[in-house]
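*Asks:* Feature list, courtesy of Swiss-Prot:
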DISULFID  C249-C315  disulfide bond
DISULFID  C278-C347  disulfide bond
DISULFID  C282-C349  disulfide bond
CARBOHYD  N171  N-linked glycosylation site
CARBOHYD  N202  N-linked glycosylation site
SIGNAL    1-16  signal peptide
Amino acid sequence: MLSLACFFSFLLMVKSSPLTFQERMLLKALGLNTRPNPIAPGPVPKSLRDIFEKGINKDNPCMMEGFGVPGNIVRSYRDQGPVAAMEEPQESLCLKKFLFFDLSAVENKEQLTLGQLEIKFKHNSYYGQQFHLRLYRTLQLSLKGMRESKMNRKLLVSQSFRLLHKSLYFNLTKVAKDWKTPEKNMGLLLEIYASSKLAGDNRSFAVCEPIQSFIYTSLLTVSLDPSSCKTPRAKRSTHSSPPTPSNICKKRRLYIDFKDVGWQNWVIAPRGYMANYCYGECPYPLTEMLRGTNHAVLQTLVHSVEPESTPLPCCAPTKLSPISMLYYDNNDNVVLRHYEDMVVDECGCK
């Protein structure tokens, strides 16, 4: 199978052409059905930035250490639900809002290991008033014009809090796992009450205003794609290789700038990376430095006897390493994903 680094090398040559078969294959490997074109992208969560900047643990690339769960894909979904109309005034009720997160981007092969809801308030939040939060899972949608029934929802969280300069987080892993099946995703209902009774419209507005103008709610998921997890290989000795002639098979430097392949609009970070490539001859006899396979050694031997009927082995990657990419997907969600086989570390004859 060709490495993703090889696909990028090809894209540099065809960057001015329409979406190619090779680019479609690469996008598919990245979990995308077409090249994203963010319309109204949301902010990049600090947790995803922190994981990206920390880098991959090469000894355990399929563990999200920041969350303490297995995984190699992190997604952040923005809430798509509306503020609910209050059917009748309810004493001390500040906010009633439906929450909906579209998890259709999670593939069937992925194992969802974490679902975490974040509710973030503005930084000028009011400190003194205590509030009470109730979070329900919607089990069945009410028909238009009909009064909402409490039988159609299940209480998940009930807790009191004060507005501080920080977010509220709730573990919704079990619910998020169910939402991998779209028919089971009816969303959530969020209600926030002032703990004390509100007297008068002015006091009601003063107390509830920080709640009614919270910045956003988002859902973060961590999932594991087992097909992208590789067992770490034993480290080779670190002695440096002697200089080789320029025409001999070896690693060559290649920097991939995502702007050169037309991906700068949706790839958040990195802006580019050192992908490298393999190029050169595999002459007879193969030396240990060329890291030839047993098949390649025999092939060069046969080539030395019958050069017209048997070609020389090819110069190809023998060791590849992963990178992390932070980008917007086709639904404007922020995704952090670890990708195998993105950097050529060593070359040999195959």
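Heads up, the Cβ atoms here are built off N, Cα and C, so glycines get one too.
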*Asks:* With H, G and I counted as helix, E and B as strand and the rest as coil, say where DSSP puts C278 (disulfide bond).
*Replies:* strand
*Asks:* Using Cα-Cα distances with a 10 Å cut-off, which of the recorded positions N171, C249, C315 are near C349 (disulfide bond)?
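*Replies:* Cα within 10 Å of C349 (disulfide bond): C249, C315.
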*Asks:* To the nearest Å, how far is the Cα of C249 (disulfide bond) from the Cα of C282 (disulfide bond)?
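*Replies:* Cα-Cα, rounded: 6 Å.
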*Asks:* When you measure from the Cβ of C278 (disulfide bond), which residues in the chain that are at least 6 apart have a Cβ under 8 Å away?
*Replies:* C249, K250, K251, R252, C315, A316, P317, V344, C347
*Asks:* Counting every protein chain present, what is the number of Cβ atoms, excluding its own, within 10 Å of the Cβ of C282 (disulfide bond)?
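*Replies:* So the number of other Cβ atoms within 10 Å of C282 (disulfide bond) is 24.
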